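S.K.: Quick one: this structure, given as structure tokens, is what I'll be asking you about.
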Ligand SMILES: *[C@@H]1O[C@H](CO)[C@@H](O)[C@H](O)[C@H]1NC(C)=O
């Protein structure tokens, strides 16, 4: 493995054309700014998650209710979803990318220290959220990616290398290819062949984008109408262990 200092940057700007990698956005918060009403009510801990992933919420609840930290709870909760492959997309065996490979993304934040750890496009390791936590806990980095994220995770004791494909993910990919690689996450491009490689439309002299207010509003409108369960987060979870 490379020296940690040569690994990836302190930036979270992970843009990714990989249409189907898994994103776990997770927060563990010691909530400090809630109103007096809430802070006096003794209604803590609290576990919140996107989507009706009850098993994940229950797993997190058991941890925080037993006195462990909000970060511990978030990691357990999201791990439960990775194991269960919630929604068919979270964790190993979930959605494949354009090459048919499943890779893992995960991010965790500690609301007390504001520390963040994340992995992206991580290969061969099934435990995304645990790897993200190791990045947060044992490195000065924020984000490790790809093979280097995998090497780091293995060196810190997570199991791997593992085949992250499943018969379901391979099946999904085959069907997507058969459907001329639709839908996908490209925009303003034309495929040379049906499934790419893709070229920027501008290169071929097509119309350039404009900055008019109308165009902007149309863009926002057409995009927000496409926001839904299958192109939003996979799971996000917040755990509040107490109010200080
Ligand atoms: C990984 O698993 C998938 C699905 O079971 C299988 O098709 C593929 O051949 C496996 N890859 C390797 C390198 O073993």
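Heads up, the Cβ atoms here are built off N, Cα and C, so glycines get one too.
Caution: TrEMBL annotation is automatic and unverified by curators.
For reference, TrEMBL lists these features for the protein:
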- 1-38: signal peptide (SIGNAL)
- 234: active site, nucleophile (ACT_SITE)
S.K.: Per DSSP, to which secondary structure element type does the residue listed as 'active site, nucleophile' belong, with helix, strand and coil as the options?
M.R.: coil
S.K.: With every protein chain in view, what's the tally of Cβ atoms within 10 Å of the Cβ of residue 234 (active site, nucleophile), excluding that atom itself?
M.R.: 29
